[in-house]
Amino acid sequence: SSKWEACCDRCACTKSIPPQCHCADIRLNSCHSACESCACTHSIPAQCRCFDITDFCYKPCSG
C-alpha cells in the first residue's frame, strides 16, 4: 500500500446509527488522500490531522 492511500491507525466511532467516525492519526506534512478537511501545524515537519467525519474507519496503516 502506498503512503498516500487512505488509512488510519487510531479511529474512533460513536455508537449512533449510522456511526460517526473520525481518525486521530497525526501525519507529517499532509493528510491521507481521501481527507477533505485537513489541518496542519506550522512546525517543520508539519503535523497534520484529518477532521472529516465518516460512517466507517479506514483500514489500519500499519499491518
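Just so it is clear, glycine is given a Cβ too, placed from its N, Cα and C backbone atoms.
Each of Cys21, Cys23, Cys31 is a candidate, yet Swiss-Prot gives the disulfide link of Cys13 to Cys21. Of the listed cysteines (Cys35, Cys40, Cys57, Cys61), only Cys35 is recorded by Swiss-Prot as the disulfide partner of Cys50. Proximity note: of the listed disulfide-bonded residues (Cys31, Cys50, Cys57), Cys31, Cys50 have a CA within 10 Å of the CA of Cys40 (disulfide bond), given in sequence order. In this view, Cys8 (disulfide bond) is surrounded by 22 other Cβ atoms within 10 Å of its Cβ, with every protein chain counted. The local packing around Cys48 (disulfide bond), expressed as other Cβ atoms within 10 Å of its Cβ over all shown chains, amounts to 18.
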